[in-house]
Amino acid sequence: MRIGHGFDVHAFGGEGPIIIGGVRIPYEKGLLAHSDGDVVLHALTDALLGAAALGDIGKLFPDTDPAFKGADSRELLREAWRRIQAKGYALGNVDVTIIAQAPRMLPHIPQMRVFIAEDLGCHMDDVNVKATTTEKLGFTGRGEGIACEAVALLIKATK
(Lines of atoms letter the chains of each structure in order from A and count residues from 1; the text may use other names and numbers.)
(Lines give C-alpha, C1' and ligand atoms only; values in the text may rest on other atoms or scores of the structure.)
Protein backbone atom coordinates (compact mmCIF):
# COMPACT_ATOMS: atom_id res chain seq x y z
CA MET A 1 0.00 0.00 0.00
CA ARG A 2 1.14 3.52 -0.74
CA ILE A 3 -0.17 6.84 0.60
CA GLY A 4 -0.01 10.18 -1.18
CA HIS A 5 -0.89 13.69 -0.04
CA GLY A 6 -1.90 16.62 -2.22
CA PHE A 7 -2.52 20.30 -1.60
CA ASP A 8 -3.72 23.11 -3.84
CA VAL A 9 -4.83 26.70 -3.45
CA HIS A 10 -6.21 29.31 -5.82
CA ALA A 11 -6.96 32.96 -5.19
CA PHE A 12 -10.26 34.51 -6.14
CA GLY A 13 -10.18 36.92 -9.06
CA GLY A 14 -12.40 37.92 -11.94
CA GLU A 15 -15.95 36.72 -12.28
CA GLY A 16 -17.49 33.34 -11.44
CA PRO A 17 -18.70 30.71 -11.58
CA ILE A 18 -16.04 28.40 -10.15
CA ILE A 19 -15.41 24.70 -10.76
CA ILE A 20 -14.75 22.60 -7.67
CA GLY A 21 -14.59 18.81 -7.77
CA GLY A 22 -15.76 18.99 -11.38
CA VAL A 23 -18.94 20.80 -10.32
CA ARG A 24 -19.78 24.24 -11.69
CA ILE A 25 -20.73 26.34 -8.66
CA PRO A 26 -22.41 29.73 -9.07
CA TYR A 27 -20.35 32.40 -7.34
CA GLU A 28 -19.71 36.08 -7.96
CA LYS A 29 -15.92 35.55 -8.02
CA GLY A 30 -13.82 33.29 -10.21
CA LEU A 31 -10.56 31.54 -9.38
CA LEU A 32 -7.23 32.65 -10.85
CA ALA A 33 -5.53 29.71 -12.55
CA HIS A 34 -3.82 28.49 -15.72
CA SER A 35 -6.31 25.62 -16.00
CA ASP A 36 -9.90 25.65 -14.71
CA GLY A 37 -8.68 26.26 -11.13
CA ASP A 38 -10.33 23.16 -9.65
CA VAL A 39 -8.54 22.93 -6.29
CA VAL A 40 -10.19 19.60 -5.41
CA LEU A 41 -9.11 17.78 -8.54
CA HIS A 42 -5.65 19.39 -8.47
CA ALA A 43 -5.03 18.30 -4.87
CA LEU A 44 -6.46 14.86 -5.58
CA THR A 45 -4.34 14.41 -8.71
CA ASP A 46 -1.25 15.38 -6.71
CA ALA A 47 -2.13 12.90 -3.95
CA LEU A 48 -2.56 10.06 -6.44
CA LEU A 49 0.62 10.93 -8.35
CA GLY A 50 2.55 11.19 -5.09
CA ALA A 51 1.40 7.78 -3.92
CA ALA A 52 2.60 6.29 -7.22
CA ALA A 53 5.90 8.24 -7.11
CA LEU A 54 5.03 9.94 -10.42
CA GLY A 55 5.80 13.49 -9.35
CA ASP A 56 3.03 16.04 -9.29
CA ILE A 57 0.44 17.75 -11.45
CA GLY A 58 2.87 20.54 -12.40
CA LYS A 59 5.37 18.00 -13.73
CA LEU A 60 2.77 16.17 -15.81
CA PHE A 61 0.76 19.21 -16.93
CA PRO A 62 3.03 22.28 -16.59
CA ASP A 63 1.38 25.70 -16.38
CA THR A 64 4.05 26.93 -18.80
CA ASP A 65 2.53 24.75 -21.54
CA PRO A 66 -0.18 26.58 -23.54
CA ALA A 67 -1.82 23.20 -24.22
CA PHE A 68 -3.11 23.20 -20.64
CA LYS A 69 -4.48 26.77 -20.66
CA GLY A 70 -8.07 26.50 -19.41
CA ALA A 71 -7.73 22.69 -19.19
CA ASP A 72 -10.56 20.62 -17.77
CA SER A 73 -9.17 19.19 -14.53
CA ARG A 74 -11.32 16.08 -14.90
CA GLU A 75 -9.38 15.27 -18.06
CA LEU A 76 -6.09 15.84 -16.22
CA LEU A 77 -7.21 13.55 -13.39
CA ARG A 78 -8.23 10.81 -15.83
CA GLU A 79 -4.88 11.01 -17.65
CA ALA A 80 -2.95 10.88 -14.38
CA TRP A 81 -5.06 7.90 -13.28
CA ARG A 82 -4.29 6.06 -16.55
CA ARG A 83 -0.57 6.48 -15.87
CA ILE A 84 -0.97 5.29 -12.29
CA GLN A 85 -2.89 2.20 -13.39
CA ALA A 86 -0.19 1.51 -16.00
CA LYS A 87 2.27 1.24 -13.08
CA GLY A 88 0.09 -1.52 -11.64
CA TYR A 89 -1.81 0.35 -8.94
CA ALA A 90 -5.46 0.14 -7.94
CA LEU A 91 -7.33 2.58 -5.74
CA GLY A 92 -7.82 1.94 -2.04
CA ASN A 93 -9.63 5.18 -1.23
CA VAL A 94 -9.35 8.96 -1.39
CA ASP A 95 -10.25 11.60 1.18
CA VAL A 96 -10.55 15.29 0.30
CA THR A 97 -10.95 18.36 2.53
CA ILE A 98 -12.02 21.66 0.95
CA ILE A 99 -11.07 24.74 2.97
CA ALA A 100 -13.23 27.76 2.10
CA GLN A 101 -15.25 30.39 3.89
CA ALA A 102 -17.47 30.75 0.82
CA PRO A 103 -19.20 29.62 -1.27
CA ARG A 104 -20.99 26.93 0.68
CA MET A 105 -19.78 23.53 -0.54
CA LEU A 106 -22.11 21.09 1.23
CA PRO A 107 -24.86 21.10 -1.44
CA HIS A 108 -22.30 20.25 -4.14
CA ILE A 109 -20.37 17.47 -2.41
CA PRO A 110 -22.59 14.55 -3.55
CA GLN A 111 -22.02 15.48 -7.21
CA MET A 112 -18.28 15.92 -6.60
CA ARG A 113 -18.15 12.37 -5.25
CA VAL A 114 -20.02 11.08 -8.30
CA PHE A 115 -17.61 12.79 -10.71
CA ILE A 116 -14.50 11.62 -8.85
CA ALA A 117 -15.78 8.04 -8.67
CA GLU A 118 -16.56 8.15 -12.41
CA ASP A 119 -13.12 9.52 -13.27
CA LEU A 120 -11.31 6.94 -11.14
CA GLY A 121 -13.63 4.07 -12.10
CA CYS A 122 -14.33 3.26 -8.47
CA HIS A 123 -17.29 2.96 -6.12
CA MET A 124 -18.52 6.11 -4.37
CA ASP A 125 -17.74 4.44 -1.04
CA ASP A 126 -14.05 4.82 -1.97
CA VAL A 127 -14.40 8.62 -2.29
CA ASN A 128 -14.90 11.02 0.61
CA VAL A 129 -15.21 14.78 0.21
CA LYS A 130 -15.81 17.20 3.06
CA ALA A 131 -15.59 20.94 3.55
CA THR A 132 -14.57 23.18 6.41
CA THR A 133 -13.88 26.83 7.11
CA THR A 134 -11.02 28.43 9.01
CA GLU A 135 -13.44 30.39 11.22
CA LYS A 136 -12.64 33.56 9.23
CA LEU A 137 -8.89 33.21 9.89
CA GLY A 138 -6.21 33.38 7.19
CA PHE A 139 -6.61 33.97 3.48
CA THR A 140 -9.47 31.47 3.08
CA GLY A 141 -11.25 32.95 6.08
CA ARG A 142 -10.96 36.43 4.60
CA GLY A 143 -12.51 35.13 1.39
CA GLU A 144 -9.35 35.61 -0.67
CA GLY A 145 -9.28 32.08 -2.06
CA ILE A 146 -9.95 28.38 -1.65
CA ALA A 147 -7.58 25.61 -0.52
CA CYS A 148 -7.85 21.85 -0.60
CA GLU A 149 -6.00 18.88 0.86
CA ALA A 150 -6.31 15.31 -0.39
CA VAL A 151 -5.02 11.92 0.70
CA ALA A 152 -4.97 8.84 -1.51
CA LEU A 153 -4.31 5.19 -0.75
CA LEU A 154 -3.08 3.03 -3.62
CA ILE A 155 -2.79 -0.75 -3.62
CA LYS A 156 -0.35 -2.63 -5.84
CA ALA A 157 -2.65 -4.54 -8.18
CA THR A 158 0.05 -6.36 -10.16
CA LYS A 159 3.63 -7.41 -9.53
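Cβ atoms are placed via backbone N, Cα and C, with glycine included.
A 10 Å cutoff on Cβ-Cβ distances gives His10 (divalent metal cation binding site) a total of 22 other Cβ atoms nearby, all chains included. Among the features that Swiss-Prot reports, 4-CDP-2-C-methyl-D-erythritol 2-phosphate binding site is placed at 8-10, 34-35, 56-58, 61-65, 100-106, 132-135, Phe139, Arg142.
Per Swiss-Prot, the feature divalent metal cation binding site maps to Asp8, His10, His42; the stated evidence is sequence analysis.
If you look up Swiss-Prot, you'll see His34 (among others) marked as site 'Transition state stabilizer'. Around the Cβ of His34 (site 'Transition state stabilizer'), a 10 Å sphere holds 17 further Cβ atoms from the protein chains shown.
The C-beta environment of Thr133 (site 'Transition state stabilizer'), restricted to residues of the same chain at least 6 apart in sequence and closer than 8 Å, consists of Ile99, Ala100, Gln101, Thr140, Gly141. Positions annotated as site 'Transition state stabilizer' by Swiss-Prot: Thr133 (among others).
Comparing C-alpha positions, Phe139 (4-CDP-2-C-methyl-D-erythritol 2-phosphate binding site) sits nearest to His10 among the recorded positions His10, His34, His42.
Across the structure, Ser35 (4-CDP-2-C-methyl-D-erythritol 2-phosphate binding site) and His42 (divalent metal cation binding site) place their CA atoms 10 angstrom apart. Look at Phe139 (4-CDP-2-C-methyl-D-erythritol 2-phosphate binding site): DSSP puts it in a helix. In this structure, the binding-site residues under consideration are Asp8, Asp65, and the one with the smallest number of other Cβ atoms within 10 Å of its Cβ is Asp65. A gap of 17 Å separates the Cα atoms of Phe61 (4-CDP-2-C-methyl-D-erythritol 2-phosphate binding site) and His10 (divalent metal cation binding site).
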